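Read the structure below first, then the notes.
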Amino acid sequence: MAIVSAEKFVKAARDNGYAVGGFNTNNLEWTQAILRAAEAKKAPILIQTSMGAAKYMGGYKLCKALIENLVESMGITVPVAIHLDHGHFEDALECIEVGYTSVMFDGSHLPVEENLKLAKEVVEKAHAKGISVEAEVGSIGGEEDGIIGEGELAPIEDAKAMVETGIDFLAAGIGNIHGPYPENWKGLHLDHLQKLTEAVPGFPIVLHGGSGIPDDQIQAAIKLGVAKVNVNTECQLAFAKATRKFVAEYEANEEEYDKKKLFDPRKFLKPGFEAITEAVEERIDVFGSANKA
């Protein structure tokens, strides 16, 4: 099946009580690591690029081509959506033109009426090309490439209005934040999520800031209607931990490791990328999307 729009498999997740993972990538090897995990688990996924990561990687056109070519060269058979994460209006339009198969327009920092107006424009342009659309109301806590949120609860009426614009899945604040969760975090507001899903019955909800939320809370949120969970920080932490461990081992065995040419970046960074694959596989199991491709 390979490269597809996310609309059908996210809706299937919502209808059948599991969630798919939206995993952010940062480079070629990161993308390979995510794809290996998805293929091993037979799980549909979204590979996501934030605006900052896309700029770092050389632009949206390069990101799209990279993911497409890796899917082909690696023989990936599971459904993969190429998704823009937290995109400004102009970035969403650019990704639609470039050929992403899914985009998120994040206008949560704008006045509500402007957010709704621009979301509707994105939907019209994206759906004309068979591209799925995610949008956000309220504001997710933490920081994502310069978009800063305090973790507010998404207003129910705003959520209903956003769904009426024609989007395919909705990101809404329920106490979740981007980045590591502080010790004094109070947890997801599952009561608010229930009110939200009752207001938009059957509609797929997206949980941002999925890294660090206790598994039982994630699974409770999935039962209430979350159909997509975003993961970024967790993979970054896994990569950093494994890489630091390898560096320490290298320093303790420098002569031996030099002889083995473990300074080759393909070998030097391998433990870190293997850790990403393990982290993605583990998240897929928690979300319940294994063997759903």
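Quick reminder: no glycine exception, Cβ is built from N, Cα and C everywhere.
Quick look at what TrEMBL annotates:
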| type | residues | note |
| --- | --- | --- |
| ACT_SITE | ASP85 | active site, proton donor |
| BINDING | HIS86, HIS178, HIS208 | Zn(2+) 1 binding site |
| BINDING | ASP106, GLU136 | Zn(2+) 2 binding site |
| BINDING | GLY179, GLY209, GLY210, SER211, ASN230, VAL231, ASN232, THR233 | dihydroxyacetone phosphate binding site |
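Reduced to three states, the DSSP call for GLU136 (Zn(2+) 2 binding site) is strand.
When Cβ atoms from all protein chains are considered, those within 10 Å of ASN232 (dihydroxyacetone phosphate binding site) total 23, not counting its own. One residue stands out among the binding-site residues SER211, ASN230, THR233 for having the most other Cβ atoms within 10 Å of its Cβ: ASN230. Note on proximity: of the binding-site residues HIS208, ASN232, THR233, the one nearest ASP106 (Zn(2+) 2 binding site) is HIS208, by Cα distance. THR233 (dihydroxyacetone phosphate binding site) falls within a helix when secondary structure is assigned with DSSP.
Across the fold, the C-alpha of VAL231 (dihydroxyacetone phosphate binding site) and the C-alpha of HIS86 (Zn(2+) 1 binding site) stand 13 Å from each other.
Rounded to a whole number, the C-alpha distance linking ASN232 (dihydroxyacetone phosphate binding site) with HIS208 (Zn(2+) 1 binding site) is 9 angstrom.
On the backbone, the CA of ASP85 (active site, proton donor) and the CA of ASN230 (dihydroxyacetone phosphate binding site) stand 9 Å apart. ASN230 (dihydroxyacetone phosphate binding site) and HIS208 (Zn(2+) 1 binding site) have their C-alpha atoms 5 Å apart, to the nearest angstrom. Using a 10 Å Cα-Cα cut-off around HIS86 (Zn(2+) 1 binding site), the binding-site residues GLU136, GLY209, SER211, THR233 reduce to GLU136. Cβ contacts within 10 Å of HIS208 (Zn(2+) 1 binding site), excluding its own Cβ and spanning all protein chains shown: 29. If you draw a 10 Å sphere around the CB of HIS86 (Zn(2+) 1 binding site), it holds 27 other CB atoms from the protein chains shown. It is 18 Å from the Cα atom of SER211 (dihydroxyacetone phosphate binding site) to that of GLU136 (Zn(2+) 2 binding site).
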